[in-house]
Amino acid sequence: MVRHSDDTQRTAPDGGPNPADPADPAAATPATPAAATPATAATTKKSYKVNTPLGDDGEPLDAEALQEYTRDQGHKGDYRLIGRSMREYRKHAILAPAYVVGEAIVEILIPTFMAYLLDQGITAGNMARVWQWGAVLVACAIVSLVCGFASGREAAIAAAGFSKNLRHDLFEKAQGFSFTNIDHFSTGSLITRLTTDVTNVQMAFQMTIRTVFRAPVLAVCAWIFAFRISHSISVVFLAVIPVLLVALIVIAGSVHPIFVRVFHLYDVLNNNVEENLAGIRVVKSFDREEHEDSKFMRISQRIYDGFCKAESRLALNPPAMLLCEYTLMIAIAWMGAKQIVASGNDAALGLTTGDLTSLVAYAMELLMSLMMISMVYVMVIISRASVARICAVLREEPTMTVPADAATDVKDGSVEFSHVTFRYEETSEEPVLDDVSLSVPSGSTLGIVGGTGSAKSSLVQLIPRLYDVSSGFVRVGGHDVRDYDLDALRNNVGMVLQKNTLFSGTIAENLRWGNPNATDEEVRHAAELAQADEFVQGFPDKYNTMIEQGGTNVSGGQRQRLCIARVLLKKPKVLILDDSTSAVDTKTDAKIREAFAHEIPGTTTIIIAQRISSVQDADQIIVMDRGRIVARGTHDELLRSCEDYRQIWQSQTKSMAQPQAAGATAADATTTEGGADHE
Amino acid sequence: MSDATATSKTTAPKTTAPKTTRQRAKGRPGMNKHGMRINPGTTRRVIGYMMHYRWRLALVALCIIVSAAAQAGASLFLQRLIDDYILPMIGAADPNWAPLLRALTLMAALYLSGIVCTYVYSRLLITVEQGTLKTIRDDMFGHMQKLPLRYFDSTPHGDIMSRYTNDADTLRQAISQSLPQMFNSLISSLAALIAMMVLSLPLTGIVVVFSVALFAFVRVLTTRSGRFFGEQQHELADVNAFVEESISGQKVIKVFTHEAATQKDFDKRNASLYEATRNANYYGNILMPIVNNMGYLLYVLLAVVGAALAIGGAGNVSLTGAGAYTTGTIVSFLTLSRSFVNPLGEVSQQMTSVLMALAGASRIFELLDEKPEVNDGRVTIVNASVLDDGTIREADHRTDQWAWKVPAGVRVRADIARMSPVGAGDGGTGAGDGGKIVDTANADRTQSAPAAKGTVVVTPAATLVRQRGDIRLNHVNFSYEPGHEVLHDITLFAKPGQKVALVGATGAGKTTITNLINRFYDIDDGEILYDGINVKDMDKTDLRRSLGIVLQDVNLFTGTVMDNIRYGNLEASDEDCIRAAKLANADGFIRMLPHGYRTRISGSGDGLSQGQRQLISIARAAVADPPAMILDEATSSIDTRTEEIVQSGMDALMEGRTVFVIAHRLSTVRNADVIMVMDHGRIIERGNHDELIAQRGQYYQLYTGAFELE
């Protein structure tokens, strides 16, 4: 039976140990609110997600956050995994560096031609030579320009395309997520992964393909030229490289975990902003702007700290580069001087001053290339954290699977629960639904009543398989819901959720979610059935009226009716209304139910309601309390057999006792409608 | 710009006055072309933010100059190395290496200082860059908190969120990498330019003219590229908004098997983003090849002209005087022209990230330019104690009694307000101390008669008005959009301690009224009085603190259950919160949660049922303990029996306080002192339950509508 909700207090911790006493501050140290293993705690509902790994100011991570961290640390094969998203842009990703190499080769040749122009033309005072080499240089510039344009274009296409595909893949993956999957991340986190992280990868990728060959080609050419001049000095060139590499790798290694943390804080920040936006009415009416501000600033500060820490390590990079460059310069100067003096500046005997000038030029060239590589490297380090975060989404295994030979045909609208036990989290001790068995014949109506938190919504969400049962099974049309193709199942099970959501778009667009091919007439008809047509017609733009995000520009009752119209367009075999007329007045409510009875008589209808009047005509009514069915029967039967049901009924109707006397005649006159759909 | 933005925002008000036109050019309402380009003045404002660190920046500039000098020293050194040190040693039987070693040591010292400076400025820049970013983020959030509700109702949340991450992030790269590099390059270019002028002014003239032409061309490209970057940030925000909305509405998407359609919608936005990104990057990528290769052209041009001049024996003018063109001059000049152009190429390469940052900053400043809610009310709330004789006295500690502190010159309805001049009673002399205590209010009026124009006095000096929760609306008209009036001539009053119910069909304007009392929106005509004071004269935050509000859609915040209840009153002790939870009948289920009151919930509160969330939000309002409260469908998802218990708890709490109740369940409103029946923005009936039943009007019909189902 439905118990008074205060009963819950009495019977609370049957099995599990008593939850931490909130009155006792010692019982819960703020830093580890959720660190206890979930198994030891009595869980009535889904596990309570910990969104931020750090307490308000504390550092320790709980198990879940730790798991999140390891997940985002990155794995082997991450790059190969995201590389799969390249697809049709692979061609561009190859062409871009190819053009870059062309550009680089011309760029290497140009200084030589310049030298010719100087030596043979100007120094020699030969105008014809000036023109000749000038023309060659112009030709080179044109070739280089063309290559530069082409590579710029290809790189832009490749990078933008790659990121487009990555976003597509991420979104597609997220679409296939079950709610358990989504809970592993958080909305804010999924958003940052789809935008900020992808942008990071995109920028690093573009930088990479524009320099991946260019810099090495320039470096190798520079070294070869240097080698041709002086073997011994060119070896010094090589000596710098390992030093530099070690420095870069050490910096990168130490910086990566910091970036993982900082990006995680971005998620926290994003969640914080999202919550603030969603709850702005609450913020403003409690005058909590400053409180919110300080909350935000705390996260902002931590992001600041994290970035500062990471970047101060990256700041070692440029001086390390310079150290190598300058060491090399001095080494060349010293060794060069020795060799020149030894050779007497005679080309035949060894190094000359001209050679030394060239060597320095090549050294500069080499170091410029290395500098470029190190810049790209920094971007790659930063993006590595992003890559790992993207891959964590791509790797996430959907917790809900569909068999290969899934049934696609839902025979009828019968619904059957057989010994269903359900937990939102496998580790929870106390199930949300406990051994529920129930049979709803096709075309009949089931009413569900029960106290707040009695798991009514959890029960019906198992029917379209929004969640999977922990044990037992749910059958629709005679088959286990897990045997159906998800689309087929959900197309036949229409559901109006308790938390109604409309999407930005016009009313007609929103309603067509039920059936994309519905004609205007059908849309209107559905709205009429849901008693929504009247107010929609009252809008200046009627069905083309724009709905704001979340449907904030229509009232709660209007939203509910639009949601009902939306589901009606679907013509489902099973229709579930989860407290979806709570903001609709009783008369309209009755009209809606009447429309159901007349217009879709063969549809199995399951109604969760607070008002008994909403379910009293149902073929079967169940009364739920804390995850169990405590009574079932028709309205009349329950009035007789179930004390609590009777009490609710009386509490809802006793207020009418007086008017009944006062307005008996009027009341009598209007009873006809209500009785009609009793069959 | 703010004008244009403002108009674009006003098109989307909350509630039943929808937009008149279908603005989905880019799949997003309320957004015009405005958000898609880099607004002028953005650079200046970013620099303004960085100027908080002007000393650090000065030091950074100094360090960059030193490190640039070290770099320049490296190339200059080479020439001197050969001329001064190596050549003299050639042929010497016993070369003296000491001078060379000394020179090398000196160079090493210069280099070392360059390295140190590079490290110092890199480190300093981190503080500048991250500090600037943090300030901008914090400013943005702080400013956002002050924006009127209209802004939040009309801007997609994901779009706003994007400014904190995607747009702010663009600045990171620009400030930390691009700016120092550009500065470095510009210094090198400048040095080369001066050196060129030392060699030859006419040739430098050619360089300058060429460069100006080149930059005019580059500017055209950057303008175009800038537009695409603006578009890119805008499209990115669009994708952000779409993802946010679809993930929040994932359940509905699944229930309607709308995944494929949603994916298609996403791909459409994704494709627009792709296009903008591709174009932006394309224009960004070709800048450097253009500048570099134009540099080669310049080189050839200078070579030809220089050679012609030298061979022709033309006269040369330089900073150091006049002379003839020598081939040596030309050769040196040509080399220098490379040193001039190369850094410019590097500058142009950095333009990409600078433009992107400006596009991001533009969007950030757009948010910062949104006009905040005006809060110019001067009437504030103070702790007060009321003496036996009715005199009100300001208290410096919490007394659980409050008074409005009204400055001089505010119009107050003397027949409603219970006033004492500030300072009255300070000497303990009581009411007689010049205190005119007006307490003529509440000569019984009936609600059915509109309040007559009461006695209005203008406060001569600072006055205290006791806060009692008397709320009156006089002839209030309101429209979300001009021309679409949604409330017509609303007059109602709630005396302290009364429970006023608003009943009516959905869309009748009930919620709108509550939005007006706490000034989420401002009325067009009429007046709203709180304790006889026009709410327009009140400090908005104090007004809102004096009104508890519980909404149908419950928004909780990430944190523990306890945190969420305490949100109503940050000073509340754990015991206070638990007491409030008990009152709201939430204590029972909260104790069942894995960690009781310490259970952490996420903002969307997914683990809680809608009804449980409502109970928590009632506890949250209860702990705030306001003198007046608005319950907007606050119990709609709670079963009727729990509601009864909650109701009795609330009644106990609200004893002597004013409550507005909006509910569809007539059982919820039945015991209200006054019931207002609303229809299409008008009050069509008023009275208590029995009176309305007797009237046999709309209320009666609604009521018997419920009844007929028996």
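Using the three backbone atoms N, Cα and C, a Cβ is placed for every residue, glycine included.
Annotated features, as they stand in TrEMBL:
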type	residues	note
REGION	A:1-60	region 'Disordered'
COMPBIAS	A:11-44	compositional bias 'Low complexity'
DOMAIN	A:94-380	domain 'ABC transmembrane type-1'
TRANSMEM	A:94-118	transmembrane segment
TRANSMEM	A:130-150	transmembrane segment
TRANSMEM	A:212-229	transmembrane segment
TRANSMEM	A:235-255	transmembrane segment
TRANSMEM	A:319-337	transmembrane segment
TRANSMEM	A:359-380	transmembrane segment
DOMAIN	A:415-651	domain 'ABC transporter'
REGION	A:653-679	region 'Disordered'
COMPBIAS	A:661-679	compositional bias 'Low complexity'
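Mean model confidence for the domain 'ABC transporter' (A:415-651) is a pLDDT of 83. Most Cβ pairs under 8 A with the transmembrane segment (A:319-337) among the ranges A:94-118, A:130-150, A:212-229, A:359-380 are made by A:359-380.
Stretch with the most C-beta contacts under 8 angstroms to the transmembrane segment (A:94-118), considering only A:130-150, A:212-229, A:235-255, A:359-380: A:130-150. For the transmembrane segment (A:359-380), same-chain residues at least 6 beyond its ends with a Cβ under 8 Å from one of its own Cβ atoms are 111, 203-204, 207-208, 211-212, 214-216, 218-219, 221-223, 225-226, 229-230, 233, 237, 241, 244, 248, 252, 314, 317, 321, 324-325, 328-329, 332, 336. Through the fold, the transmembrane segment (A:130-150) approaches residues 95, 99-100, 102-103, 106-107, 109-110, 113-114, 116-117, 120-122 of its own chain, all at least 6 residues removed from its boundaries and within a Cβ separation under 8 Å.
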